[in-house]
Structure formats: C-alpha cells, structure tokens
Amino acid sequence: MAREKQAEAAAEAEGTPERSYREQLDFLNPIAQPLASRKLTRKLYKCIRKAAKHKQIRRGVKEVQKFINKGEKGITVLAGDTLPIDVYCHIPIMCEDRSLPYAYVPSKSDLGAAAGSKRPTCVIMIKPHEEYQETYDECLEEVGALPLPL
C-alpha cells in the first residue's frame with residue numbers, strides 16, 4: 001500500500017513540468033542573500049556537474065560544515081528554498097569568517113540534481129580541480145562579486 005503511494009507520488013513528480021527561475025523565486029527564504037542570477041545559477045549547476053564527475057564536491061550540511069572547519073577551500077552553494085532555516089543558517093557565517101565565497105540558488109531539488117542525486121540537497125561545496133578550472137574560476141569571480149548581506 002505504502003509503496004503504491006510512493007510510486008504514484010514519483011510518477012506525479014516526473015510528470016510535473018520544471019518551474020522556471022522566476023517561479024522558484026516565490027519560495028525563497030528571507031535569508032537567501034546573496035542570490036545568484038539566472039545566468040550564474042546555470043554556471044554553478046554546470047560547475048557542480050563537472051565537480052561531481054571528478055568527486056570534488058561536498059554535499060549536505062554536516063559534511064560541508066566539517067570541511068569548512070578543517071579549512072578546505074571552495075565555493076559554497078546553498079539552496080534558497082530550504083525550510084526550516086535553522087538547518088543551515090550558520091553556514092554563511094562560517095564562510096564569511098573564513099573568507100569563503102558563497103551564494104544561494106533558488107531550488108534544492110535542482111541543486112541535488114546537478115550533483116547527480118535524485119534527492120534534494122540544501123548545501124554543496126565545490127572544490128577546485130584542474131579538469132574544470134576555467135569554469136570554477138568564472139564562478140568564483142562572479143560569486144565573489146555578489147554583494148554580501150548587511
């Protein structure tokens with residue numbers, strides 16, 4: 001019985017069309033600043049896909065938090081539609097303390113999909129690697145140029 005409901009829910013989820021960037025903005029948290037533009041969001045997803053191929057990403061709050069504390073460098077990408085906010089509201093502060101660039105993207109499901117997972121994820125850290133260094137540097141420059149919240 002429960003499996004049938006899960007299968008129906010999965011079928012409905014596959015049948016629903018993807019929401020546009022503008023529609024996803026309606027579900028953002030109040031703390032989702034700095035928010036990546038549509039163009040930067042696409043670049044970040046592309047960089048995440050390349051990093052996932054080379055196993056150069058950190059997924060999830062616990063893992064990202066652990067490697068920020070260890071002093072690992074990279075770009076932190078957070079999902080702007082994660083609720084409750086308390087789950088990950090400390091990550092931007094940790095990034096600012098360690099001068100790490102971070103940005104929010106509108107959707108946690110798209111963030112998880114870019115990482116090659118069927119599950120949504122609320123935070124990913126992209127580590128630099130020579131295979132996709134050009135894409136990484138572009139993203140790093142644009143994320144660094146975003147204005148930090150007050």
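Quick reminder: no glycine exception, Cβ is built from N, Cα and C everywhere.
Record note: among 1-21, 43-63, 106-126, 1-21 is the stretch given as region 'Disordered' by TrEMBL. Break the domain 'Ribosomal protein eL8/eL30/eS12/Gadd45' (43-134) down by DSSP state and the numbers are 42 helix, 16 strand, 34 coil.
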